[in-house]
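Participant: Straight from Swiss-Prot, here's the annotation block:
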{"type": "BINDING", "residues": "Leu18, Ala19, Gly20, Lys30, Asn58, Asp78, Asp113", "note": "GTP binding site"}
{"type": "BINDING", "residues": "Asp113", "note": "Mg(2+) binding site"}
Amino acid sequence: MIAPPRKIPGLVPPGLILAGGLSRRMGSNKAMVTLGDAPLLSHVIRRVTPQVSDVTINAAITDKGSWAEGFGLPLLPDTLNGHAGPLAGVLAGMRHFRDRETAGSHFLTAPADSPFFPNDLVVRLCEHLSDDAIVIAASSGQLHPVFALWPVALADDLEDWLKNDANRRIRAFLARHVTIGVAFPPLETARGSLDPFFNINTPDELALARSQLETMET
(Lines of atoms letter the chains of each structure in order from A and count residues from 1; the text may use other names and numbers.)
(Lines give C-alpha, C1' and ligand atoms only; values in the text may rest on other atoms or scores of the structure.)
Protein backbone atom coordinates (compact mmCIF):
# COMPACT_ATOMS: atom_id res chain seq x y z
CA MET A 1 0.00 0.00 0.00
CA ILE A 2 1.22 3.50 -0.81
CA ALA A 3 0.45 6.59 1.23
CA PRO A 4 1.15 10.22 0.28
CA PRO A 5 4.55 11.34 1.58
CA ARG A 6 4.66 13.79 4.44
CA LYS A 7 8.09 15.30 4.91
CA ILE A 8 8.90 16.27 8.49
CA PRO A 9 11.73 18.82 8.48
CA GLY A 10 14.52 18.32 10.97
CA LEU A 11 13.47 14.86 12.12
CA VAL A 12 16.40 12.64 13.11
CA PRO A 13 15.13 9.29 14.38
CA PRO A 14 16.97 6.96 16.76
CA GLY A 15 18.52 3.82 15.34
CA LEU A 16 18.36 0.16 16.35
CA ILE A 17 20.86 -2.35 14.99
CA LEU A 18 19.30 -5.81 14.77
CA ALA A 19 21.98 -8.21 16.02
CA GLY A 20 19.95 -10.99 17.58
CA GLY A 21 20.20 -13.57 14.81
CA LEU A 22 21.53 -17.10 15.28
CA SER A 23 24.10 -16.95 12.42
CA ARG A 24 23.49 -20.62 11.54
CA ARG A 25 24.84 -20.36 7.99
CA MET A 26 28.01 -18.56 9.09
CA GLY A 27 28.82 -21.09 11.80
CA SER A 28 29.78 -18.36 14.28
CA ASN A 29 28.46 -14.97 15.37
CA LYS A 30 28.53 -13.11 12.06
CA ALA A 31 28.39 -9.70 13.73
CA MET A 32 31.86 -10.45 15.13
CA VAL A 33 33.56 -11.77 11.98
CA THR A 34 36.41 -9.58 10.77
CA LEU A 35 35.83 -7.34 7.77
CA GLY A 36 38.85 -5.21 6.94
CA ASP A 37 40.15 -3.75 10.17
CA ALA A 38 37.17 -4.39 12.42
CA PRO A 39 34.25 -6.65 13.32
CA LEU A 40 31.35 -6.56 10.87
CA LEU A 41 29.15 -4.88 13.46
CA SER A 42 31.65 -2.02 13.77
CA HIS A 43 31.18 -1.19 10.09
CA VAL A 44 27.42 -1.00 10.58
CA ILE A 45 27.84 1.21 13.65
CA ARG A 46 30.18 3.55 11.77
CA ARG A 47 27.76 3.89 8.88
CA VAL A 48 24.55 4.36 10.85
CA THR A 49 25.80 6.62 13.68
CA PRO A 50 26.01 9.87 11.64
CA GLN A 51 22.50 9.28 10.31
CA VAL A 52 20.52 8.90 13.56
CA SER A 53 20.11 10.67 16.88
CA ASP A 54 21.55 7.73 18.83
CA VAL A 55 22.26 4.03 18.37
CA THR A 56 21.07 1.01 20.36
CA ILE A 57 22.02 -2.61 19.68
CA ASN A 58 19.34 -5.29 19.79
CA ALA A 59 21.25 -8.28 21.19
CA ALA A 60 20.69 -11.00 23.75
CA ILE A 61 21.66 -10.38 27.36
CA THR A 62 22.12 -13.34 29.72
CA ASP A 63 23.15 -13.62 33.35
CA LYS A 64 26.71 -13.64 32.02
CA GLY A 65 26.22 -10.41 30.11
CA SER A 66 26.27 -9.93 26.33
CA TRP A 67 28.79 -10.47 23.57
CA ALA A 68 27.95 -6.92 22.36
CA GLU A 69 28.99 -5.10 25.54
CA GLY A 70 32.40 -4.21 24.10
CA PHE A 71 30.91 -1.83 21.54
CA GLY A 72 30.02 0.70 24.24
CA LEU A 73 26.43 1.23 23.12
CA PRO A 74 23.13 0.65 24.93
CA LEU A 75 21.87 -2.92 24.55
CA LEU A 76 18.25 -3.90 24.10
CA PRO A 77 17.30 -7.59 24.33
CA ASP A 78 14.18 -9.08 22.78
CA THR A 79 11.11 -8.87 24.97
CA LEU A 80 9.92 -12.30 23.77
CA ASN A 81 11.35 -15.65 24.84
CA GLY A 82 13.05 -17.84 22.28
CA HIS A 83 14.15 -16.72 18.84
CA ALA A 84 11.25 -15.03 17.06
CA GLY A 85 13.33 -13.49 14.29
CA PRO A 86 13.80 -9.83 13.38
CA LEU A 87 10.23 -8.90 14.29
CA ALA A 88 11.08 -9.61 17.94
CA GLY A 89 13.84 -7.02 17.73
CA VAL A 90 11.50 -4.58 16.03
CA LEU A 91 8.97 -5.07 18.82
CA ALA A 92 11.62 -4.43 21.48
CA GLY A 93 12.54 -1.24 19.64
CA MET A 94 8.94 -0.08 19.40
CA ARG A 95 8.47 -0.53 23.15
CA HIS A 96 11.80 1.07 24.01
CA PHE A 97 11.55 4.15 21.82
CA ARG A 98 7.85 4.68 22.49
CA ASP A 99 8.55 4.96 26.21
CA ARG A 100 11.34 7.51 25.87
CA GLU A 101 10.40 11.10 26.62
CA THR A 102 12.21 12.35 23.51
CA ALA A 103 10.85 9.65 21.22
CA GLY A 104 9.43 10.61 17.85
CA SER A 105 6.92 8.72 15.76
CA HIS A 106 9.42 6.35 14.10
CA PHE A 107 12.79 4.69 14.60
CA LEU A 108 15.25 3.15 12.15
CA THR A 109 16.28 -0.48 12.02
CA ALA A 110 19.39 -1.76 10.28
CA PRO A 111 20.81 -5.29 10.44
CA ALA A 112 24.23 -6.13 11.83
CA ASP A 113 25.24 -8.01 8.67
CA SER A 114 24.95 -5.32 5.96
CA PRO A 115 28.03 -3.05 5.87
CA PHE A 116 27.51 -1.12 2.63
CA PHE A 117 24.10 0.53 3.02
CA PRO A 118 23.74 4.14 1.78
CA ASN A 119 25.06 7.10 3.75
CA ASP A 120 21.84 8.93 2.91
CA LEU A 121 19.57 6.06 3.96
CA VAL A 122 17.82 7.90 6.79
CA VAL A 123 17.50 11.21 4.96
CA ARG A 124 15.86 9.48 2.01
CA LEU A 125 13.52 7.40 4.15
CA CYS A 126 12.51 10.40 6.25
CA GLU A 127 11.40 12.24 3.12
CA HIS A 128 8.53 9.75 2.92
CA LEU A 129 7.33 9.62 6.52
CA SER A 130 3.57 9.31 6.71
CA ASP A 131 1.79 8.83 10.03
CA ASP A 132 1.65 5.09 10.77
CA ALA A 133 3.30 3.94 7.53
CA ILE A 134 6.35 1.67 7.61
CA VAL A 135 8.94 3.25 5.30
CA ILE A 136 11.17 0.58 3.75
CA ALA A 137 14.37 0.70 1.72
CA ALA A 138 14.27 -1.01 -1.67
CA SER A 139 16.71 -1.87 -4.45
CA SER A 140 16.38 -3.67 -7.77
CA GLY A 141 12.63 -3.95 -7.23
CA GLN A 142 12.97 -5.70 -3.86
CA LEU A 143 12.01 -4.40 -0.43
CA HIS A 144 14.47 -4.78 2.44
CA PRO A 145 12.25 -4.67 5.54
CA VAL A 146 15.12 -4.80 8.04
CA PHE A 147 16.13 -1.38 6.68
CA ALA A 148 13.06 0.62 7.64
CA LEU A 149 11.52 3.40 9.66
CA TRP A 150 9.02 1.75 12.01
CA PRO A 151 6.16 3.58 13.75
CA VAL A 152 6.26 3.06 17.50
CA ALA A 153 2.45 3.22 17.45
CA LEU A 154 2.35 -0.33 16.04
CA ALA A 155 3.83 -1.90 19.18
CA ASP A 156 0.60 -3.35 20.57
CA ASP A 157 -0.45 -4.71 17.20
CA LEU A 158 2.92 -6.35 16.62
CA GLU A 159 2.96 -7.88 20.09
CA ASP A 160 -0.49 -9.40 19.50
CA TRP A 161 0.66 -10.66 16.10
CA LEU A 162 3.71 -12.41 17.56
CA LYS A 163 1.64 -14.26 20.17
CA ASN A 164 0.96 -16.77 17.39
CA ASP A 165 4.19 -18.72 16.82
CA ALA A 166 3.27 -19.05 13.15
CA ASN A 167 3.57 -15.28 12.72
CA ARG A 168 7.30 -14.86 12.30
CA ARG A 169 7.59 -13.74 8.69
CA ILE A 170 8.26 -10.04 8.49
CA ARG A 171 6.56 -9.67 5.09
CA ALA A 172 3.35 -11.19 6.41
CA PHE A 173 3.22 -8.50 9.08
CA LEU A 174 3.97 -5.79 6.52
CA ALA A 175 1.03 -6.95 4.40
CA ARG A 176 -1.31 -5.86 7.20
CA HIS A 177 -0.09 -2.27 7.24
CA VAL A 178 0.58 0.74 5.05
CA THR A 179 4.09 0.53 3.63
CA ILE A 180 6.12 2.91 1.50
CA GLY A 181 9.07 1.64 -0.51
CA VAL A 182 11.97 3.99 -1.22
CA ALA A 183 14.25 2.89 -4.07
CA PHE A 184 18.04 3.18 -3.88
CA PRO A 185 20.45 2.70 -6.81
CA PRO A 186 23.18 0.06 -6.96
CA LEU A 187 26.54 0.82 -5.40
CA GLU A 188 29.14 1.15 -8.14
CA THR A 189 32.53 -0.33 -7.26
CA ALA A 190 35.70 -1.26 -9.12
CA ARG A 191 34.35 -4.81 -9.25
CA GLY A 192 31.00 -3.78 -10.69
CA SER A 193 27.57 -3.01 -9.28
CA LEU A 194 26.71 -4.12 -5.77
CA ASP A 195 23.34 -4.11 -4.04
CA PRO A 196 23.75 -1.49 -1.29
CA PHE A 197 21.74 -3.73 1.03
CA PHE A 198 23.90 -6.79 0.39
CA ASN A 199 24.01 -8.85 3.57
CA ILE A 200 26.51 -11.39 4.81
CA ASN A 201 25.17 -14.78 5.90
CA THR A 202 27.81 -17.27 4.73
CA PRO A 203 31.61 -17.55 4.53
CA ASP A 204 31.39 -17.08 0.75
CA GLU A 205 29.43 -13.84 1.17
CA LEU A 206 31.98 -12.68 3.73
CA ALA A 207 34.76 -13.32 1.21
CA LEU A 208 32.85 -11.27 -1.38
CA ALA A 209 32.40 -8.42 1.10
CA ARG A 210 36.12 -8.45 1.89
CA SER A 211 36.93 -8.28 -1.80
CA GLN A 212 34.53 -5.38 -2.33
CA LEU A 213 35.86 -3.52 0.69
CA GLU A 214 39.41 -3.75 -0.63
CA THR A 215 38.41 -1.93 -3.82
CA MET A 216 36.60 0.77 -1.84
CA GLU A 217 39.63 1.46 0.34
CA THR A 218 42.17 1.72 -2.50
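Backbone N, Cα and C define each Cβ position, glycine as well.
A description of the local structural setting of each listed feature is requested, covering burial, neighbours and distances.
Facilitator: Around Asp78 (GTP binding site), the same-chain residues six or more apart in sequence whose CB sits under 8 Å from its CB are Gly20, Asn58, Ala60, Ala84, Ala88, Gly89, Leu91, Ala92, listed in sequence order.
When other Cβ atoms within 10 Å of the Cβ of Asp113 (GTP binding site) are tallied across all protein chains shown, the result is 26.
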Participant: Using all protein chains in view, find how many other C-beta atoms are within 10 Å of the C-beta of Gly20 (GTP binding site).
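Facilitator: By my count, 23.
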